[in-house]
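Working notes for the structure below.
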Amino acid sequence: MSVYGLQRLYIGGGYVDATSGKTFDTFDPATGELLAQVQQASAADVDRAVASAQEGQREWAAMTAMQRSRILRRAVDLLRERNDELAAIETRDTGKPIGETLAVDIVTGADVIEYYAGLATAIEGLQVPLRAESFVYTRREPLGVCAGIGAWNYPIQIACWKTAPALAAGNAMVFKPSEVTPLTALKLAEIYTEAGVPAGVFNVVQGDGSVGALLTGHPDIAKVSFTGGVETGKKVMSLAGASSLKEVTMELGGKSPLIVFDDADLDRAADIAVTANFFSSGQVCTNGTRVFMHRSVKDAFTQKVLERVKRIRVGKPTDADTNFGPLVSAAQLDKVLGFIESGKAEGAKLLAGGTRLTDGHFGSGQYVAPTVFGDCRDDMKIVREEIFGPVMSILDFESEDEVIARANDTHYGLAAGVVTENLSRAHRTIHRLEAGICWINTWGESPAEMPVGGYKQSGVGRENGITTLEHYTRIKSVQVELGRYNPVF
């Protein structure tokens with residue numbers, strides 16, 4: 001018997017059964033308990049979801065921007081009213097501490113919907129005079145039906161981030177959450193329907209990567225927004241282009257540098273480094289896992305980091321005192337433990353953690369201790385590759401030019417940060433770092449107003465911020481002639 005029972009697809013404003021006859025299981029990563037059986041969508045189900053979205057989108061786009069804005073604001077109110085209920089589900093599904101999901105996941109998702117609800121009425125075209133009797137005007141029109149493919153680390157937040165600009169601009173979306181954390185996207189669908197979003201405007205299909213491929217290759221999907229790993233992102237982008245030249249937004253992986261200069265407030269720097277590596281058990285794409293510290297502060301900084309790691313409260317995610325939970329799945333645990341063994345084998349110095357936690361209730365969950373490696377080199381696997389777990393690599397440097405070159409020596413370019421009391425140095429360094437999201441003397445906040453996305457192989461396009469609306473509209477140019485038409489023939 002599962003906790004939440006059988007989970008169906010959400011198409012056309014309500015729950016429907018999948019036609020595949022297949023289901024998959026989702027588990028609580030803290031206890032191993034079966035949470036739900038989830039119906040897997042078939043190709044016919046994807047077609048049905050897209051057709052429903054096309055119908056709903058026509059009704060949604062015909063509304064005024066103010067009408068759409070009011071409906072989205074009602075959805076925000078409902079999300080906030082149900083915050084505690086949704087946070088409890090998210091904690092069971094992801095393993096995140098309840099204090100984290102209560103304060104972050106639904107809250108920040110609702111903030112983004114509220115932000116775009118306010119911008120819905122600000123989508124407008126231009127008027128361009130050509131001469132006394134002729135002018136051009138432009139219209140920003142919705143794309144139509146978009147596909148959203150979510151990652152397992154922030155299920156409901158990612159669903160909100162992808163739907164908010166799409167719906168504000170008059171589009172519909174068919175969303176596929178990760179099969180690892182599939183539950184809360186369905187709750188978001190319920191909320192949109194209750195708020196007054198027309199049937200079909202937000203549909204949820206469940207399943208593995210094969211369902212994502214069906215969406216990506218579907219001829220009636222105009223755009224794909226994907227969050228996940230680099231290699232999968234490349235496949236999505238290739239299929240999107242090959243099928244129908246779809247627009248894409250890609251929020252992919254990272255191996256982000258955090259640079260601590262010799263004049264930094266070391267207490268602040270240590271606080272930032274620990275947050276940038278161990279928040280959400282290290283399962284955050286923007287984590288600052290390559291911590292570069294100036295050689296002159298190596299010992300003092302490392303000691304402060306280790307003091308803070310000892311204060312991390314690993315425990316049951318449902319306990320209010322816990323601030324560090326399990327990894328999301330057994331597969332992710334095995335991956336992280338493999339990286340830890342690689343670090344040991346390549347000569348990194350293990351300063352903290354490095355083991356799976358198995359005592360007591362930890363034995364039934366996917367727990368690994370917060371891990372810190374010192375004496376790391378740039379060529380180590382733990383320094384070069386994204387781990388997506390609680391593993392910090394500490395490296396030292398001597399000069400500004402040196403550390404910038406080393407920080408940029410990666411095919412990733414998602415995030416970067418510096419800690420220094422010298423603002424000139426801070427801005428000078430940030431301007432040279434090849435990353436799309438940067439922080440000075442802080443780390444990790446991604447407010448609705450801030451565009452987020454990567455350079456290089458960390459992504460294409462942006463999420464959040466005003467600029468994202470451009471990625472969910474297309475421009476129509478119209479010339480108007482008020483005077484005499486001069487024929488060519």
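Including glycine, each Cβ sits where the backbone N, Cα and C put it.
Swiss-Prot annotations:
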- LYS162: active site, charge relay system (ACT_SITE)
- GLU251: active site, proton acceptor (ACT_SITE)
- CYS285: active site, nucleophile (ACT_SITE)
- GLU463: active site, charge relay system (ACT_SITE)
- THR26, ASP93, VAL180: K(+) 1 binding site (BINDING)
- GLY150, ALA151, TRP152, LYS176, PRO177, SER178, GLU179, GLY229, VAL230, GLU231, THR232, GLY253, CYS285, GLU386: NAD(+) binding site (BINDING)
- LEU245, LYS456, GLY459: K(+) 2 binding site (BINDING)
- GLU247: site 'Seems to be a necessary countercharge to the potassium cations' (SITE)
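Annotated features, which come from Swiss-Prot, shown on the structure.
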| residue | record | Cβ contacts under 8 Å, 6 or more apart |
| --- | --- | --- |
| THR26 | K(+) 1 binding site | LEU34, LEU35, ALA36, VAL38, ASP93, GLU179, VAL180, THR181, PRO182, LEU183 |
| GLY150 | NAD(+) binding site | ILE158, ALA159, LYS162, PHE175, LYS176, PRO177, SER178, ALA185, THR227 |
| TRP152 | NAD(+) binding site | THR94, SER178, VAL180, THR181, VAL328, SER329 |
| LEU245 | K(+) 2 binding site | none |
| GLU247 | site 'Seems to be a necessary countercharge to the potassium cations' | LEU143, ALA222, LYS223, VAL224, ALA240, HIS471 |
| LYS456 | K(+) 2 binding site | THR410, HIS411, TYR412, GLY413, GLU434 |
| GLU463 | active site, charge relay system | TRP161, LYS162, PRO165, SER225, THR249, GLU251, PRO451, VAL452, GLY453 |
Response to the item:
Taking only the CA atoms, the spacing between VAL230 (NAD(+) binding site) and GLY459 (K(+) 2 binding site), expressed in whole angstrom, is 8
Response to the item:
Taking only the CA atoms, the spacing between CYS285 (active site, nucleophile) and THR232 (NAD(+) binding site), expressed in whole angstrom, is 15
Worksheet item: What is the biggest Cα to Cα gap, in Å, among GLY150, ALA151, TRP152, LYS176, PRO177, SER178, GLU179, GLY229, VAL230, GLU231, THR232, GLY253, CYS285, GLU386, the residues listed as binding NAD(+)?
Response: 24
Worksheet entry | Site of maximum Cβ density within 10 Å, from recorded positions VAL180, VAL230, CYS285 | CYS285
Fill in: For PRO177 (NAD(+) binding site), the number of other Cβ atoms found within 10 Å of its own Cβ
27
Fill in: Nearest-integer angstrom distance between the alpha carbons (Cα) of THR232 (NAD(+) binding site) and GLY459 (K(+) 2 binding site)
12
Discussion item. Through the lens of DSSP with three states only, how would you label ASP93 (K(+) 1 binding site)?
Written reply: helix
Worksheet entry | Neighbour count (Cβ, 10 Å) for ASP93 (K(+) 1 binding site) | 28
Response to the item:
Students should find that the Cβ of GLU251 (active site, proton acceptor) has, within 10 Å, a number of other Cβ atoms equal to 27
Item to complete: Determine, from DSSP, whether VAL230 (NAD(+) binding site) sits in helix, strand or coil.
Response: helix
Worksheet, complete the sentence: Taking all protein chains shown into account, the Cβ-based neighbour count within 10 Å for GLU179 (NAD(+) binding site) is 18
Worksheet item: LYS162 (active site, charge relay system) has how many other Cβ neighbours within 10 Å of its own Cβ?
Response: 26
